[in-house]
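Here is the structure we will look at, set down as C-alpha cells.
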Amino acid sequence: MDQFIKQDETGDLIETGMNVANHFLSAPIQGTNSLSKASIIPGVAPVLIGNPEQKNIQHPTASHQGSKSKGRGSGVRSITVPPPEAGNGGTQIPEPLFAQTGQGGIVTTVHQDPTIQPTGSYRSVELAKIGKERMINRFVEKPRTSTPVTEFKRGGPGAAAQGQTIQEEGIDGNGASAGSKERSGSLSGATLYAHLSLPQQDSTPANVGIAPQSATSANEIMDLLRGMDARLQHLEQKVDKVLAQGSMVTQIKNELSTVKTTLATIEGMMATVKIMDPGNPTGVPVDELRRSFSDHVTIVSGPGDVSFSSSEEPTLYLDELARPVSKPRPAKQTKPQPVKDLAGRKVMITKMITDCVANPQMKQAFEQRLAKASTEDALNDIKRDIIRNAI
C-alpha cells in the first residue's frame with residue numbers, strides 16, 4: 001500500500017471537507033429542547049405548555065424506534081398537567097415558550113386542561129425568552145458591526161473624530177469576545193499632542209574646530225601589544241620545550257633507580273666475599289708455615305722409652321750450626337719462575353692509552369714505556385699511571 005497521497009487526491013479531500021462544512025453551516029438550526037429541566041424557574045412550568053415549537057419536534061421513524069425499542073417501552077406517552085395550587089395566582093401569560101420531552105429520547109406530548117389558566121410573572125417569561133434566544137443564536141453566525149477607525153492627524157483628532165463615540169462589542173452569551181478593533185490614536189510615542197518647536201532664528205552659531213588626531217597614541221599602544229604578544233609566544237615555546245623534556249627526565253629517574261639497585265647488589269656480594277676469605281692477618285708466607293710443620297729430630301734426655309725413634313737411620317749428623325740432625329738437609333734449589341704471557345696485557349694497555357690519554361705527547365711517552373716493559377710489575381705501573389692521567 002502506498003503511504004504517500006498525491007496532490008490531486010489531497011485537493012479532492014479538502015474540497016469534500018469544505019462542502020460538508022458549508023452544508024451544515026447553511027442548514028437551519030431548530031431550537032427544540034433548548035432549555036433543560038434545571039433551567040426552568042419553579043412556577044413557570046405550567047405556562048410553558050403548548051409551545052408552538054412542538055411543531056418542530058420530529059418523532060423518530062419506525063426503523064429508529066425499532067432499534068431503540070429493544071428491551072424498552074416504545075414511544076409516545078401523554079401527560080396531563082394537574083391544576084396549580086392555591087396562592088400561586090398572577091397575570092395570565094398569552095402563550096407558552098417550550099415543549100417538554102421525556103428522558104432517554106422519548107418524546108412526551110403534553111395536554112393542557114382547558115379549565116386551567118396559565119399563571120406566572122412577566123419577569124420570569126422574559127428571562128425564559130432571553131435564555132431561549134441566546135441558546136439558539138449561540139450557534140448562528142451574525143455579521144459583526146465594525147467600529148469606525150479614527151484616522152490619525154498631526155495636532156490631534158478633528159472635530160468630527162472627537163464627536164464619535166466608541167461602541168464596545170458585547171459577548172451576547174457565553175461565547176468569547178473578539179475584542180475591540182479600534183486602532184491606537186497615537187503613532188509617535190507616549191506624547192500624544194506635542195506641539196512642534198519652531199527653530200530659533202537669533203541663535204549664535206558655535207565655533208567648530210578640527211579634532212586632534214590620536215594616531216600616535218594608537219601606534220604606541222599597538223607596538224606595546226605586539227611586544228607583549230611576542231613575549232607571550234616566546235614563553236609558550238619555552239614551556240613547550242620544558243614539557244617535551246618531561247619524558248626524558250622520567251627515563252633518567254628510572255635508569256638511576258636501576259643503577260642504585262645494581263650497586264647495592266654488588267656491595268652485598270663484596271661483603272660476602274670478605275667474610276668467606278678474611279685474608280692472612282699474620283703476614284707469614286704459606287711456605288714457612290709448611291716448613292715449620294715438617295719432621296725434625298727430637299732429643300730426649302734421661303731415661304725413657306725410645307721405641308718411637310726410627311731404627312732405619314741410626315746415624316746422626318751435625319748441621320752448619322753443629323746441631324745434631326738425623327740426615328743433612330739438601331741444599332734448597334730455587335724454582336725457576338714460569339714465564340707469563342704478557343702479550344694480552346700489552347694489548348689491553350695499548351687500548352687504554354688510545355681511549356684515556358688525549359695529549360699526544362703523553363700518549364707517545366706511554367707507548368715507549370710499554371715497548372720497553374718486560375715484566376708484569378712494569379706493566380702494572382704503566383696501567384696505574386694511565387688511570388691517574390685520565391682522572
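Just so it is clear, glycine is given a Cβ too, placed from its N, Cα and C backbone atoms.
Computed from a predicted structure; not experimentally measured.
According to Swiss-Prot, the protein carries these features:
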COILED    218-245  coiled coil
COMPBIAS  54-65  compositional bias 'Polar residues'
MOD_RES   Thr10  phosphothreonine
MOD_RES   Thr16  phosphothreonine
MOD_RES   Ser69  phosphoserine
MOD_RES   Thr91  phosphothreonine
MOD_RES   Thr150  phosphothreonine
MOD_RES   Thr165  phosphothreonine
MOD_RES   Ser188  phosphoserine
MOD_RES   Thr250  phosphothreonine
MOD_RES   Ser257  phosphoserine
MOD_RES   Thr258  phosphothreonine
MOD_RES   Thr282  phosphothreonine
MOD_RES   Ser292  phosphoserine
MOD_RES   Ser294  phosphoserine
MOD_RES   Thr298  phosphothreonine
MOD_RES   Ser301  phosphoserine
MOD_RES   Ser374  phosphoserine
MOD_RES   Thr375  phosphothreonine
REGION    54-98  region 'Disordered'
REGION    145-186  region 'Disordered'
REGION    343-391  region 'Interaction with the nucleoprotein'
Using a 10 Å radius around its CB, how many other CB atoms surround Ser292 (phosphoserine)?
9
So what's near the coiled coil (218-245) in sequence-distant terms, Cβ-Cβ under 8 Å and 6+ beyond its ends?
none
Indicate whether Thr10 (phosphothreonine) is helix, strand or coil by DSSP.
helix
Let me know how many other Cβ atoms fall within 10 Å of the Cβ of Thr250 (phosphothreonine).
10
In three-state DSSP terms, the structure that Ser374 (phosphoserine) belongs to:
coil
If H, G and I count as helix, E and B as strand, and all else as coil, what does DSSP give for Ser292 (phosphoserine)?
helix
I'm trying to understand the geometry here, so how far is the Cα atom of Thr250 (phosphothreonine) from the Cα atom of Ser257 (phosphoserine), in Å to the nearest whole number?
11
Report, in whole Å, the straight Cα-to-Cα distance of Thr258 (phosphothreonine) from Ser374 (phosphoserine).
42
Let's check the environment of Ser257 (phosphoserine): how many other CB atoms sit within 10 Å of its CB?
10
Cβ neighbours of Thr16 (phosphothreonine) where a neighbour is any other Cβ within 10 Å:
10
